[in-house]
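If you look up TrEMBL, you'll see 7-134 marked as domain 'Threonine/Serine exporter ThrE'. If you look up TrEMBL, you'll see 28-45, 52-70, 82-102, 114-135 marked as transmembrane segment.
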Amino acid sequence: MRLLVEFIVSVLSSVGFGVITNIPKRALLPAGITGGVSWCAYWLISLQDHSLVLPNFTATVVIGLLGNYFAIRHRVPVNTIYIPSLVSLVPGGIAYLGARSFTMGKAASAAQQIYNVILIAMALAVGFVVAEVIFKAMRPFLIRFIAKLPKVQTKSRRGKSA
């Protein structure tokens with residue numbers, strides 16, 4: 001039950017951030033689904049592994065793979081899927097705590113928090129690189145698979161179906 005609630009909240013946060021960043025309407029649901037699935041991957045991995053790196057890395061690989069799939073399927077740039085989906089993984093809270101510790105004179109605590117932020121940022125970056133490498137290998141098969149699926153109706157700016 002908790003995983004379902006976390007999935008729904010993550011989908012809503014990804015869609016909400018997509019609205020704020022003004023991505024195309026046809027990309028909102030794919031970005032939300034990608035964000036929700038990646039958060040579930042993060043949550044499930046963090047239950048087993050209590051480090052910061054592996055759950056973030058795994059969730060980013062999920063974002064990379066699903067983001068590329070949805071970008072091709074819905075004919076949008078991949079960044080329109082990546083950015084809203086990534087919002088729940090960004091270590092903003094940890095960065096804030098590190099800055100706060102630094103201003104309060106707790107240098108050791110600040111250094112630990114900033115170190116964690118750097119680890120998470122590196123895990124996110126490496127996760128995207130790994131996902132791109134995997135997707136490049138899978139792309140020919142995926143293109144053939146997507147070609148067999150029913151077409152997604154998109155509207156151009158003039159109101160005509162593309």
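Backbone N, Cα and C atoms are what each Cβ position is placed from, and that goes for glycine too.
Per-residue pLDDT, averaged along the domain 'Threonine/Serine exporter ThrE' (7-134), amounts to 93 for this model. Each residue of the domain 'Threonine/Serine exporter ThrE' (7-134) gets a DSSP state, and the totals for helix, strand and coil are 108 helix, 0 strand, 20 coil. Taking every listed stretch (28-45, 52-70, 82-102) in turn, the largest tally of C-beta pairs under 8 A with the transmembrane segment (114-135) is reached by 52-70. Under 8 Å from some Cβ of the transmembrane segment (82-102) lie the Cβ atoms of residues 10, 13-15, 17-18, 21, 23, 28, 31-32, 34-35, 38-39, 42, 56, 59-60, 63-64, 66-67, 109-110, 112-114, 116-117, 120-121, 124, 128, all in the same chain and six or more residues away from its ends.
Same-chain neighbours of the transmembrane segment (28-45): 3, 6-8, 10-15, 18-19, 54-56, 58-60, 62-63, 66-67, 70, 73-74, 76, 80-81, 83-89, counting only residues six or more beyond its ends whose CB sits under 8 Å from a CB of the stretch. With a threshold of 8 Å between CB atoms, the same-chain residues lying at least 6 positions outside the transmembrane segment (52-70) that come near it are 27, 30-31, 33-35, 37-39, 41-43, 45-46, 76, 78, 81-82, 85-86, 89, 116, 119-120, 122-124, 126-128, 130-132, 134-135, 142, 146.
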